[in-house]
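As recorded in TrEMBL, the features of this protein are as follows:
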type   : residues : note
DOMAIN : 1-290    : domain 'Glycoside hydrolase family 29 N-terminal'
DOMAIN : 301-389  : domain 'Alpha-L-fucosidase C-terminal'
SITE   : Cys219   : site 'May be important for catalysis'
Amino acid sequence: WYWQKEKREPYVKFMEANYPPGFSYEDFGPLFTAEFFDPNQWADILKVSGAKYVVLTSKHHEGFTLWGSKYSWNWNAVDVGPKRDLVAELATSVRNRTDLHFGLYHSLFEWFNPFFLEDATNVFKTRKFPTSKSLPELYEIVTKYQPEIIWSDGSGNAPDTYWNSTGFLAWLYNDSPVRDTVVTNDRWGVGSVCTHGGFYTCSDRYNPGHLLPHKWENCMTIDKRSWGYRRNAQLDDYLTIEDLVKQLVETVSCGGNLLMNIGPTHDGRIAVIFEERLRQMGAWLKVNGEAIYGTKPWRAQNDTVTPEVWYTFSPKEGKVNAIFLNWPVSGILDLGEPRAKLGETQVKLIGYEELLKWVALGEKGIAIALPQLTPKQLPCQWGWTLQLTDIN
């Protein structure tokens, strides 16, 4: 897009300097080789990350499908490049080796498809592209791979009527093989974002910092600058595990899910830095998962007295979880929100056996004495959870 459509100078110059004259985007097809793609290894990394669902980009805005689509002749991973059905392979490994729900991202529009460009010129009064390409592909991936999440994207500035989104969704929820399990997002045409959908995505890297009345998802990237893999990325360009835990905690306390993006390489690897972040996230969730999984937002999302404290509520156990990202130097954590009850309220640090001592701070608020632990004794390194029971 930057190179061919917007003709941004750095991109044009890079292509001229590093590729043969007349090199086209299509010439990248055979260079996408995936020779190191091991779906079992991917599934194992995903499992250990603590994730509950995974979404694979089955087709982005340039139209190349990662499955052998009947509607994308000679521009798919089975005919060109890897010569493998990457969607099928990953779906099989995820289902055989993990409990993750398998989802697929699919771009409605395609930047340079002649049918789409023709429809756009006709102000979407004609519907050549959705009827011959986009919709058949959607029916194809649902029937073939039975994804439990359809992550739609890319309206191309066309309304949902052009895409016949309601027609497809009616089939998906009533007659498709995944009708009883599937969930969808909100990107189904102009005007539908943040308004219609099983869960809202609102915008990329969406993290409102306050409670939303509808289920939502923060879809963001570990590489701050890209959704793909960048060979020239610097260490500073990647979010640290501290950054990621903070994103997760803020998102969940405000009623959202976190969808953390990684860009695999052309040869099919999850780069080591991404694997490390996923494994770190899994290590954190192994300790603090009960403050994340199956929780609901509490009446307060973050604390009024101490910054970087976020709340979740575990309805089954009736516990309030206070996740704090900074360990106080004094060893005393003041919380302004909970109303404690003398002789009833109990405070526990997840991953530490003994109950903690606390005092009430008047009508509202509680001061908690944290245990004196060496770095080795800490339950985890990047944020800790206090569980409060019998709180008003």
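Placed from the backbone N, Cα and C atoms, the Cβ positions cover glycine too.
Please treat TrEMBL annotations as automatic predictions, because they have not gone through curation.
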So, by DSSP, how many helix, strand and coil residues make up the domain 'Alpha-L-fucosidase C-terminal' (301-389)?
0 helix, 36 strand, 53 coil
Once near-sequence residues are set aside, which residues in the chain of Cys219 (site 'May be important for catalysis'), 6 or more away, have Cβ atoms under 8 Å from its Cβ?
Thr201, Asp204, Arg205, Tyr206, Leu259, Asn261
